[in-house]
Structure formats: structure tokens, C-alpha cells
């Protein structure tokens with residue numbers, strides 16, 4: 001990539017229909033894990049006008065008793081879907097439950113790996129990526145980091161009553177200008193937020209007071225002032241946005257995988273996270289790859305780092321562990337790959353133990369990004385191996 005360029009990432013709010021589905025799926029995973037942390041869960045959710053459908057596979061101890069319908073309603077309530085005017089109301093919506101158990105054919109390979117019978121095998125084949133860079137203190141790419149913060153603030157101001165005309169659904173997009181390969185300024189901010197009907201002058205034009213409130217109360221308090229140089233603001237650029245959430249679009253678990261990760265700054269293996277227990281390497285190995293990449297950057301061994309891992313179903317050991325630093329590493333990438341394999345156990349059991357993943361910690365991950373957040377449950381954000389890696393690299 002050229003040294004001077006524009007790069008864009010987007011995020012969506014907790015009230016976006018796909019994120020509603022993600023949060024319900026992870027709330028159900030957490031509820032099952034509270035009673036059986038070794039359960040196998042693949043919880044999928046569909047949301048539409050007045051309807052939630054819960055499907056997938058859950059295998060747990062016989063004594064596990066989870067009120068799936070109530071969890072779906074509680075999640076809708078927390079997000080803010082508490083009024084029939086919004087197209088879905090936690091009190092009156094229909095909730096269908098259609099769970100099966102995990103296939104025995106899959107379970108036999110996960111329970112005992114073909115290459116190591118003392119370890120569990122990967123729950124599926126696939127490839128996963130982790131990434132870190134020095135653009136922000138959180139070691140995340142700046143565009144996705146700030147896109148998340150915008151919709152997070154939209155929800156905060158909606159819920160605390162400071163901007164009472166806001167409704168749950170919203171999307172943000174940040175276009176960053178890079179100079180010499182580093183963030184220089186923000187070229188464009190797009191923020192589209194659902195609102196009460198009185199905020200538009202015409203179907204195609206928002207009130208000036210609405211636009212001013214969004215810019216002054218949501219956008220400017222979040223973005224670094226030094227980056228707001230001739231920045232263009234596009235606020236509800238199509239105009240009226242009253243119909244939103246599951247009424248505006250059908251929501252499905254796993255449809256916001258780039259929002260969930262790095263905003264397009266690195267490749268994605270294609271597997272979604274929400275609703276999946278950590279025996280599914282789609283989730284756990286992606287978390288581990290972030291942990292590895294972040295520790296490499298925190299150690300000062302590279303300014304940016306991309307990790308690829310790949311697995312075969314029923315096999316514990318990864319097919320490959322590959323490090324790319326795009327020329328920013330202080331030692332060759334192949335030496336970094338060797339260090340990673342020496343100091344990180346990337347077998348499924350190793351990941352679960354290393355990151356303490358058999359806990360009900362997942363609902364919080366399902367909105368505003370799985371990475372780059374300072375939450376005590378997010379063990380994959382620790383940089384506790386940075387000093388070890390630096391010493392092992394000879395620094």
C-alpha cells in the first residue's frame with residue numbers, strides 16, 4: 001500500500017439488527033456457560049419485525065435449565081427495544097426456539113484430537129487472523145477504533161437522556177487520511193442514527209438542530225481534535241431514519257465480522273464469533289491470534305503484526321502459524337513465527353486455558369468490537385508476554 005492514502009472502517013450500534021442477533025446469541029451462550037462451562041454451543045439468532053428466532057445446536061448437561069425466551073426478551077430490553085413504535089418490543093414480540101444438539105460426528109473429533117488424544121481437536125477446519133498496530137494506545141487500527149467509539153457514544157447519550165430523540169439503530173464510518181503510512185487526519189465521518197419522527201424537516205432533510213447535536217455531542221467529544229482538519233461530516237445523508245432495527249432490516253448472527261475485528265485492516269478467515277463456545281476455533285483462535293499480535297507489537301518487535309493460524313477439524317495442532325509484519329519487524333518474520341510457536345500454545349485446549357475462555361464473558365463482546373477494549377474479561381487484550389518475547393528475541 002502507498003504511504004499516503006485514505007482508509008475507511010465502519011461500525012454499527014448495539015441496536016443494529018445484526019448486532020441485536022449477535023448479542024442475543026452471546027447472552028444465550030453465557031447463560032448456558034453459567035450452568036455448564038463445558039457445554040457445546042452454536043447459537044444462531046434471526047430478528048425481524050416483532051419476531052426473534054433462536055436456532056442452532058446446544059449440547060449441555062441434563063440438569064441445565066435455561067429460559068431462552070426470557071434471555072432474548074431481556075437482551076432486547078437492555079438494548080432499548082421497549083416500544084412497539086420501534087418495530088420490535090421485548091414485551092410483546094414472538095420468540096421461537098429451535099435448538100438441536102451438536103452432531104455426534106463433529107463431537108467425536110473435538111473430544112479427542114486425532115493427533116493428540118489428551119487434547120481436544122479443533123471444532124472445524126478454517127483459517128483465522130489476528131492483528132495489532134501502533135496507531136492507537138489500544139494497538140488497534142485508528143479507523144475501526146474510532147468508528148466503534150462513535151456508536152458507543154450514540155448509545156450512551158440515548159440511554160442517559162441527553163439526546164432523547166435518538167433510537168437504538170445507528171451506523172458510523174470513519175475515513176482516515178494517512179501520511180507516510182501513519183494516521184494524519186480524518187477526512188470524512190458518516191453517522192446515521194435512527195431518531196424520533198420530529199427530527200426531519202422533510203423525508204430527505206434533517207433538522208439543522210439534529211445535525212448540530214450529532215456533530216457536537218456525539219462526534220467531536222470522541223475524535224482527537226488534532227485529526228479534525230477540514231473534516232467532512234455526513235449526518236443521516238439520506239435524510240429521515242425513523243424505521244430501523246429489526247423492522248428496517250432482518251438481523252442475523254454473524255453478519256458483521258469485519259466490524260467485529262479490524263475494520264478491513266487485515267484479512268478475515270470468514271468465521272463469525274457470536275454464539276460459539278471456545279471449542280470453535282473460529283472464535284477462540286481469532287482471540288488467540290489477536291493476543292499474539294498485540295504482544296509482539298507491545299514488545300516493540302514490530303509496528304504492525306498480522307498472524308495467520310489454520311486448523312483441521314479434529315486435529316489439535318495448527319496447520320500453520322505465520323507472522324507478517326509488512327517490513328516493520330526488528331527481526332525476520334520467520335523468527336517471530338518460531339518465537340510464537342515456542343511461547344504460545346495454540347492448540348484448542350491450550351488457547352482455552354491460556355485465555356481462560358470457559359467463562360460467561362461473551363455478551364459484552366457482541367457490540368463495539370471484540371478487540372481493542374480495556375475490559376477485565378477480555379484476556380486476549382493482555383500484554384503480559386511482551387517482556388518475555390522481547391527477551392527471547394535478544395533485546
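For all residues, glycine too, the Cβ spot is worked out from N, Cα and C.
Keep in mind the model is a prediction, meaning the values are calculated, not measured.
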(message) Going by the L-methionine site in Swiss-Prot, where 102, 249, 280 are listed, which of the candidates 57, 63, 212 is also part of it?
(response) 57
(request) Just give me the nearest neighbour of residue 240 (ATP binding site) among the binding-site residues 18, 57, 102, Cα to Cα. (result) 18
(message) Rank the binding-site residues 44, 57 by how many other Cβ atoms lie within 10 Å of each Cβ and give me the one with the fewest.
(response) 57
(message) Rank aside, I only need the closest one: which of the binding-site residues 102, 170, 276 has its C-alpha nearest to that of residue 18 (Mg(2+) binding site)?
(response) 170
(message) Distance check, please: Cα of residue 44 (K(+) binding site) against Cα of residue 249 (ATP binding site), rounded to an integer number of angstrom.
(response) 17
